[in-house]
Amino acid sequence: MEPGPGGRGAARGQRPPNAAQPREQERKLEQEKLSGVVKSVHRRLRKKYREVGDFDKIWREHCEDAETLCEYAVAMKNLADNHWAKTCEGEGRIEWCCSVCREYFQNGGKRKALEKDEKRAVLATKTTPALNVHESSKLEGPLTNLSFTSPDFITELLQASGKIRLLDVGSCFNPFLKFEEFLTVGIDIVPAVESVYKCDFLNLQLQQPLQLAQDAIDAFLKQLRNPIDALPGELFHVVVFSLLLSYFPSPYQRWICCKKAHELLVLNGLLLIITPDSSHQNRHAMMMKSWKIAIESLGFKRFKYSKFSHMHLMAFRKTSLKTTSDLVSRNYPGMLYIPQDFNSVEEEEYSNTSCYVRSDLEDEQLAYGFTELPEAPYDSDSGESQASSIPFYELEDPILLLS
């Protein structure tokens, strides 16, 4: 005789399929509440910046607001621990950073990049005999006189043979600490855990590089004192900006961060940038192209680019010891824009209660200032293609909800 409405499952004490729904709804409500805390901080910063215009003053006041910062840090840690980890399997931003570092430092990625540099330099000298000395050296970069058998080249490749020195800016809860290959320094304006140092990266003072052996530099990092107000230049193999740059209300603040990262990295070190975006890859290619041009102008070369369902992930390699940007002929800081930079105060308030989507025409008008960016269909060390001129617009930080 077949079981009745109770069924075998009920006889064995199994829950009906919809029993987990209340728990899932509760989890989503908590996630929305936490993401609301984070987004409200971002919105207030952008609103103040539009009203006042003095990003130094706004940032100083923000860093003094201990209650808001503490609430933000707790919300971010809770989101990362209890929500993002459960909904982003296979798309973890931390795992991506580790994978890129292993590929670059341990599995030949760095060697291949340096070999490409030398081939480009040799090709440039063969195909452009009419160039003067200044133009030629500009094209060839830092590896003009670097042979694969030279001591300098061997030293460069072995520099990170020990632990990879990694600076995690806006670390919150120090997610890289658990990985053995890294000597991690996590910094944040309000740390969520004790292992993260208190530090305002925007106002971090940079000192002369240490003239020490690698093991002595490692020892120096292990003895840092809290809070951190200054650091020597050329100290780290990796600098990570995970969901950091979109926190700042001003493109110039994002620019300052990238410039400081360049100065803190050793030659051929990596800058890893993760920024939120839930749209498909091509829709926001214009912004990514703009960011690439601005960041490379500092003395970087893009090594890798990936698009996950809720974020862009970029790796840039430091290719020159000094920053090279010409801010007179081009507004590179302004090229580090995010969609929210174009919002009005009314639109920010409106986005609290409903989802507003601009028309294609409004998108084109907002992005008009960036339509003349140079084309670069193959624009990275890895030869990845990212060519698109489709404009975009977005109000929120969608990664926070991950719906």
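Including glycine, each Cβ sits where the backbone N, Cα and C put it.
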Same S-adenosyl-L-methionine site as Arg93, Gly170, Asp188, Asp200, Phe201 according to Swiss-Prot: which of Ser242, Ser246?
Ser242
Taking DSSP three-state, what's Phe201 (S-adenosyl-L-methionine binding site) in: helix, strand or coil?
helix
With the S-adenosyl-L-methionine site defined by the record as Arg93, Gly170, Asp188, Asp200, Phe201, Ser242, how many Å span the farthest pair of C-alpha atoms?
23
Go ahead and report the DSSP secondary structure tallies for the compositional bias 'Basic and acidic residues' (23-32): helix first, then strand, then coil.
10 helix, 0 strand, 0 coil
Intrachain C-beta neighbours of Asp200 (S-adenosyl-L-methionine binding site), sequence separation six or more, cut-off 8 angstroms:
Cys63, Ile189
